[in-house]
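Asker: This is the structure I want to talk about, given as structure tokens.
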Amino acid sequence: MTCGNFCDLTDFNHCRLIRLTKTGRRSLSHSISHSSTDSNSSGGSDAENPEDEVSPRDMQQINSKGNMDFCIKNIKLADFGRREIELAEDEMTALMALRKAAQGEKPLAAAKIVGCTHVTAQTAVLFETLKVLGAQCRWAACNIYSTQDEVAAALAEQDFPVFAWKGESEDDFWWCIDRCVNVEGWEPNMILDDGGDMTHWIYKKYPHLFKKVKGIVEESITGIHRLHQLSKAGKLCVPAINVNDSVTKQKFDNLYCCRESILDSLKKTTDIMFGGKQVAICGYGEVGKGCSAALKAMGSVVYVTEIDPICALQACMDGFRLAKLGDVVRHVDMVITCTGNKNVVVREHMDLMKNGCVVCNMGRSNTEIDVNSLQTPELVWQHVRAQVDHIIWPDGKRIVLLAEGRVLNLSSSTVPIYVLSITATTQALALIELFNAPEGRYKQDVYLLPKKLDEYVASLHLQTFDAHLTELTDEQAKYMGLSKYGPFKPSYYR
């Protein structure tokens, strides 16, 4: 079997958003590939990232130790970034406990991990944990807007090879990934990805590197979809662990994170009042459940759209009105997508929306809202503030588009650090599992995280609550056919 061309299996159409700026000048935003914007992001606008700024690629920077193996916005921000990382460490207790428990045995000694995730204070705690556990790492950002520049500086100051800054162009995005991989005398043997871009780049440019790669850990639904495409085509060269569908990721990151961050994101972008508002939420998976519960609690009237009868029945039993988007789109005040699919909200829907309707995406992919269909001569884009655009119809009607259709909570706000600790701990354990697995345990396929590790992640986080688990007696364990120490759920439990 030979490694396939990852690019053949993905869609990299480009989009350019024409908008009316505060000065009235029409301008083009960065050209952004679907791959680079599928990932979560944390802000960015024309005002925040003027095109005339000097690119970090054109600057020569050096840290206090004389190291130059990085490319970031400004190394002088390192002290600020270190404080943010320390604050994140206080909330990411489980990851710190894992660091303390495993640092003696160095389970990732000899691991050379190349990563493409968000570069934030929370992910920095993960990066530095991997280093403590023995790994060598090189890192790029999975999204052009998600990087916290001060955090990147703090990592670079600690000799961490990081190539990321907020407001990268598309060319910068791929250049940073290439700088992580194309290094003389250093070849990765593990990949940690969020969206599949690092995996794609290695398949496209350096397929020979897969001879040494022991596995891929993928965090996002988009990246998992790409891996399954490769697997079905017989072109996946190494085993991969699907972190996104681990129970801890689904039930905590997707549900509880979105339940809290949807309200914060909408308030920060629109200052909207939730009480009495009519909201259509597309999709009733874990993300949709969290968003629906939050808005219902604030007094909104919530409609849910679903394709899955099981999820649809859950929505009905939870007290929500199940409807088709086309039947309610004329009178709702907000439309929120939570599906991970494409073209969930299309131009025909937006033509029917009432004046002032807010449209946003909480799902993983930036394709859920057909933003490209709004780039027509008769519509005017008016940029209002960071992550807020008014799209104005010829008759004066306007809809409020948030984050240009990208995932809202990390584009305009933040997400709870504690929840990110759960996902980061899962990623670390998945890397340890794949790197140390005996030859033959994992084939060239996509696997779920072993249930034992899923439960271990949850147990580490119980310490925060001073919670105490009940232990099975020998008689009870025998009756249930379980080990006293787990796993307590079957591998197919979701």
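Here the Cβ of each residue, glycine as well, is placed from N, Cα and C on the backbone.
Feature list, courtesy of TrEMBL:
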REGION    28-58  region 'Disordered'
COMPBIAS  29-46  compositional bias 'Low complexity'
BINDING   T120, D194, E219, K249, D253  substrate binding site
DOMAIN    254-415  domain 'S-adenosyl-L-homocysteine hydrolase NAD binding'
BINDING   G285, E286, V287, G288, K289, G290, E306, N409  NAD(+) binding site
Asker: Out of these binding-site residues, D194, D253, which one has the fewest other C-beta atoms within 10 Å of its own C-beta?
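Answerer: If we count Cβ atoms within 10 Å for the binding-site residues D194, D253, the smallest count is at D253.
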Asker: Same-chain residues six or more away whose CB lies under 8 A from the CB of G285 (NAD(+) binding site)?
Answerer: N254, C311, C338, T339, G340
Asker: Please state how far apart, in Å and to a whole number, the two most distant Cα atoms are among G285, E286, V287, G288, K289, G290, E306, N409, the recorded NAD(+)-binding residues.
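Answerer: Looking at G285, E286, V287, G288, K289, G290, E306, N409 as a set, their Cα atoms extend up to 22 Å apart.
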Asker: The domain 'S-adenosyl-L-homocysteine hydrolase NAD binding' (254-415): mean pLDDT?
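Answerer: Looking only at the domain 'S-adenosyl-L-homocysteine hydrolase NAD binding' (254-415), pLDDT averages out to 94.
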Asker: Could you check which of these binding-site residues, T120, D194, E219, D253, sit within 10 Å of E286 (NAD(+) binding site), going Cα to Cα?
Answerer: D253
Asker: For the substrate site made of T120, D194, E219, K249, D253, how many Å separate the two farthest Cα atoms?
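Answerer: So the maximum pairwise Cα distance among the substrate binders is 18 Å.
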Asker: Want to know which binding-site residues, from D194, E219, K249, are within 10 Å of N409 (NAD(+) binding site) at Cα; which are they?
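Answerer: Checking each Cα against N409 (NAD(+) binding site), there are no hits.
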Asker: Quick check: of the binding-site residues listed here (V287, G288, K289), which one has the Cα closest to that of D253 (substrate binding site)?
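Answerer: Closest candidate to D253 (substrate binding site), judged by Cα separation, is V287.
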Asker: If you measure E219 (substrate binding site) to E306 (NAD(+) binding site) at Cα, how many Å is it?
Answerer: 24
Asker: Rounded to an integer, what is the Cα-Cα distance in Å between T120 (substrate binding site) and V287 (NAD(+) binding site)?
Answerer: 22
Asker: With every protein chain in view, how many other Cβ atoms are within 10 Å of the Cβ of E219 (substrate binding site)?
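Answerer: A count of 30.
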Asker: Counting only residues 6+ apart in the same chain, whose Cβ is under 8 Å from the Cβ of K289 (NAD(+) binding site)?
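Answerer: Long-range Cβ contacts: L255, R259, Q314, D318.
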Asker: Show which residues of the chain containing K249 (substrate binding site), separated from it by at least 6 in sequence, have their CB under 8 Å from its CB.
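Answerer: In sequence order, E219, V243, I422, T423, T426 meet the Cβ cut-off.
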Asker: Counting only residues 6+ apart in the same chain, whose Cβ is under 8 Å from the Cβ of V287 (NAD(+) binding site)?
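Answerer: Listed in sequence order, they are N254, L255, C258, C338, M362, G363.
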Asker: Quick one: Cα separation, D194 (substrate binding site) versus E306 (NAD(+) binding site), in Å?
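Answerer: Distance (Cα to Cα, whole Å): 26 Å.
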